[in-house]
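Everything on this sheet refers to the single structure shown next.
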């Protein structure tokens, strides 16, 4: 695009200088459109292309990373910008940017890479230089032979002259090409580059070769002495490795195994000096005799001779110039040779293995370096995929990039007449509106400046709403309705199109949604493609790489598991307590209940304190729950055992009773009912006196298996005593038992004769307490239900507290008892008479949930007032 268009002298150059000075709009008053079109056609531009190029280049200054090229359309006498601005608008440039600056930098970088970092075809040049240096060395060796001295000298002179020109030109190119690096720019940077060791070597070899070539093959003393400098060509072999890769590799191997090498060299040196000293002591006074019997000079005359012998021997060279003569010396030499040779040869093995490992590591590193480009491409594609998300309206930089590279034309109404617009399709209209769009470089969109190309010079120009830079930024932010409306207006030739705002200046706000969707699809495909390429580069290089990957994965898994465990502990563990240490509640040994104390009596008993604090971790809480479940099991076992013992004692008291059978008349049946009521009061009196003398009266249960279908007891109590001291006393219990289930005091059916206090007197009426008498009298309208619990039913109960019986034939009286007794046979733990139909609670709660100290006024019939 670097074409400059000649414009009339009166035309302002602000539009062409938009890249450096901010870019103003072209002045339409500077010349007519025809003259401008002629001038543009002279330089090979279509009408309007000058403004396109100028606008595109002016807007390019705002894009980060674009080249700042000089725009066209500048007048010869136009005043230049006093000072250019750099790429980041921070560093002012002292001179304008050259047109061939990019090409100059590209050639400079290419030469620097070929000389300093040879790859590909550059290796051929370095191979040629190596052959030249090797030929000079061979010819220098041949000059030492008398028969080849003359011929080899002539060829050596020609080859050295050629080598001087080659090396001189190469050195100059190296100094010049070093400017592509920022640290070697300027003359100071060039001096810094020339002070490098290899550059100093090149300078030294060039200086030494010039006088050798100058004197030629002269036979004087000066020429002969200068010819010795030819062997400095050997130093040129060092320049083959400009980057010092071999030396770096050797140094890294030595540094990696420095401890092993120092150990081997240290022990080998000790073996050398000790063996040499002992051999010197033994062999120093032994004279050497030749074949004629004459004494010769001693071989181990000094300690230095012994050190020489020891070094040659332990290094396994063995010149044989010095050997021990005595058997003592030979024995010492053999012993120390076996020890010292192994330590002298050990560094060679260490260096060999170290170099092999380093070479393998370099190959692996090269394999890993191949992942850099796919990784960078994947990161770039991932960001562009994220930035083109339609939901992220705040990310506009990526869309602006596409605005600068995707060309999307506008429509000019002067290019489309009404007849043509009706015949041409949309694609033809697009091509017609931008005839030279395909020839522009860089795919920069250049919106047309209609003001500069008017049909009539006398037509009044319209004011431009925004400058060129703003128009370029929003060039492709056009809505679909604006696009179709503008094309419609341009095709139909509507004179009101300009009034609507779609003639010269489009109200462009956003890109077409279809174009955005296409760009989004391309971003997704590129992201998946780069992701696939990056996964292909992640293939393991060798078995060691596989092991390292598995090890890294295992460590990562362990770290994640540890992190999860820490998070779980943080979730289930409360924060640090604020209570001081000396006031914290401590936990001691597990609390055990006394053998004669019910655990339900005092469930919350303070535990003794110790110096330990409770474990608040998740495992500690599991242990705590398990301990509590174990304690609950022990309590249930205790309750079941106590209840079974209680049932056994009740069975002992009623074992002797046997009810009469075969009632023949209603009178006899009524008499048996009265007798059954008397038996009930007798049992209540007997049980109330079996406990401790000071214990309060309480009602307990009688097993129902002793009750028959035709009487209260399975057998008639023919031998039941109604008086005397033995009738009120039974076997004393070892301790005061407390039943675990609340006793149910339900009276017999209304057929009984408990309707008045007069009928209350029976065989044991004198043994019933006043409270019991009032309770029996008050509840005389309901049958008495004595619960029957055996061991089988306790095992069938899930908790031991809900006790039931499933014998339907247990009934009271000849008629089988009441229906309420068959439905409600048990009272569960925590259940009160509120849950039963005939009773409602009234009064204060009992003193103990076990039945001790039950008030007689608690239970009142639900149908009677108290």
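Cβ coordinates are placed from backbone N, Cα and C, and glycine is handled just like the others.
Taken from Swiss-Prot, the feature topological domain 'Cytoplasmic' applies to 1-120 (among others).
Annotation comment: Swiss-Prot describes 1-42 (among others) as region 'Disordered'.
Look at Swiss-Prot and you will find 26-36 tagged as compositional bias 'Low complexity'.
Residues or ranges marked as phosphothreonine by Swiss-Prot: 81.
The annotation transmembrane segment is assigned in Swiss-Prot to 121-143 (among others).
Residues of the topological domain 'Extracellular' (144-153) grouped by DSSP class, helix first, strand second and coil last, total 5 helix, 0 strand, 5 coil. The topological domain 'Extracellular' annotation in Swiss-Prot covers 144-153 (among others), and the record cites a curator's inference as its basis.
Here Swiss-Prot flags 154-175 (among others) as transmembrane segment.
Averaged over the topological domain 'Cytoplasmic' (176-193), the predicted model has a pLDDT of 89. Residues or ranges marked as topological domain 'Cytoplasmic' in Swiss-Prot: 176-193 (among others).
Annotated transmembrane segment per Swiss-Prot: 194-213 (among others), in sequence order, evidence recorded as similarity to another entry.
Taken from Swiss-Prot, the feature topological domain 'Extracellular' applies to 214-225 (among others).
Residues or ranges marked as transmembrane segment in Swiss-Prot: 226-244 (among others). Long-range Cβ contacts of the transmembrane segment (226-244) within its own chain (Cβ-Cβ under 8 Å, at least 6 residues beyond either end) map to 115-118, 126, 129-130, 133, 136-137, 140, 143, 156, 160, 167, 198, 201-202, 204-205, 208-209, 211-212, 215.
Broken down with DSSP, the topological domain 'Cytoplasmic' (245-256) shows 12 helix, 0 strand, 0 coil. Annotation source Swiss-Prot lists topological domain 'Cytoplasmic' at 245-256 (among others), citing a curator's inference.
What Swiss-Prot lists as transmembrane segment is 257-282 (among others).
Feature annotation from Swiss-Prot assigns topological domain 'Extracellular' to 283-302 (among others); the stated evidence is a curator's inference. Long-range neighbours of the topological domain 'Extracellular' (283-302) within the same chain, counting only residues 6 or more positions beyond its ends whose Cβ lies under 8 Å from a Cβ of the stretch, are 309, 321-326, 329.
The intramembrane segment feature in Swiss-Prot is assigned to 303-315; the stated evidence is similarity to another entry.
The topological domain 'Extracellular' feature in Swiss-Prot is assigned to 316-326 (among others); the stated evidence is a curator's inference.
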Dominant neighbour of the transmembrane segment (154-175) in 121-143, 194-213, 257-282, by Cβ pairs under 8 Å = 194-213
Using DSSP, how many residues in the topological domain 'Extracellular' (316-326) fall into helix, strand and coil?
-> 0 helix, 0 strand, 11 coil
For the intramembrane segment (303-315), could you work out the same-chain residues 6 or more beyond its ends whose Cβ comes under 8 Å from its Cβ atoms?
-> 268, 271-273, 275-277, 279-280, 283, 322-323, 333, 336-337, 340-341, 344
Using a Cβ cut-off of under 8 Å, list the residues of the same chain at least 6 residues beyond the topological domain 'Cytoplasmic' (176-193) that approach it.
-> 105, 108-109, 111-112, 115-116, 199
When DSSP states are grouped into helix, strand and coil, how many residues of the topological domain 'Extracellular' (283-302) land in each?
-> 1 helix, 4 strand, 15 coil
Using a Cβ-Cβ cut-off of under 8 Å, list the residues of the same chain that are 6+ residues beyond the ends of the topological domain 'Cytoplasmic' (245-256) and lie near it.
-> 351, 354-355, 357-359, 362
